[in-house]
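Record features (Swiss-Prot):
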BINDING   15, 16, 17, 127, 163, 191, 245, 264, 265, 266, 267, 268, 269, 289  UDP-N-acetyl-alpha-D-glucosamine binding site
């Protein structure tokens, strides 16, 4: 890169759904010669994960207000003011050319501080319905991007940046044609697991018997109980049941169909991998995960089953209906919905906003 090295400040924290897409964009721009720093909080996952990725991180003191008591609500303006002051000092010291907000509590004070310092703000909303912080920041942002249509009325749809090993998987027609034997069902509840999946899928295994084979990620601490549930269902040694899957790309490559929650990053990875899915949205009051999954259901690539209706019989009926030609057609539709160059699209908008 000729001339002055461009500087980016990424604001993202709290959960992997915010941090991992931010890391993907950061690495892409670093490979082009950009200098990148991170704004986060010291008590969330970004504090350890970001430095492991070779990126320096600065911290401000901020936390969420949802579900907090009256005293926390009353002192919120003081805490937000203090966090904005902290963020302004960091911005003035680092002097970024542009700031990228990927979500989490840190984005609010960070985005406001950048705006007050005259630094352009680019926002990326990962979910199908915008969070409170991004709805507010959208008023002062130079550019607003969204992963799924509908979060903002006029924002560009750019997808969610996903891991390169998932993007490198063979296309469904290369991967799935010629497969025989039981339908391969990958069950993912996220790294924390999902109790409804852990309770229901052993019964699905018992109902469908040799029609399916399951690879089930149960989440931290749930392995003994889920193994016992498979044992009691007469399915003890017939399926692969693990606490955590380290290589998700390998799991996607193995699978014919996925049963999972519909967090933003999960939905984007399933689409990029080209896999049919049964999505079970987390019962959040704004139905965020339902809106994430809806584009894939509308495309004929997935089925949404709300948690109260997620029974062994309902899941068994669906899986029994889906033969291999149907699954291949759904997989190809999933891949059509995917935006495989999301990282490049977000990075290009960041670069454009910095000029």
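Cβ atoms are placed via backbone N, Cα and C, with glycine included.
Not measured: the values here are computed from a predicted model.
Overlay of Swiss-Prot feature records on the structure.
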residue : record                                        : contacts (Cβ under 8 Å, 6+ apart)
15      : UDP-N-acetyl-alpha-D-glucosamine binding site : 45, 104
17      : UDP-N-acetyl-alpha-D-glucosamine binding site : 103, 126, 127, 263, 264, 265
163     : UDP-N-acetyl-alpha-D-glucosamine binding site : 20, 24, 248, 249, 269
245     : UDP-N-acetyl-alpha-D-glucosamine binding site : 188, 215, 217, 251
267     : UDP-N-acetyl-alpha-D-glucosamine binding site : 160, 279, 292, 293, 296
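Following the DSSP three-state reduction, the secondary structure of residue 269 (UDP-N-acetyl-alpha-D-glucosamine binding site) is helix. According to its DSSP assignment, residue 245 (UDP-N-acetyl-alpha-D-glucosamine binding site) is coil.
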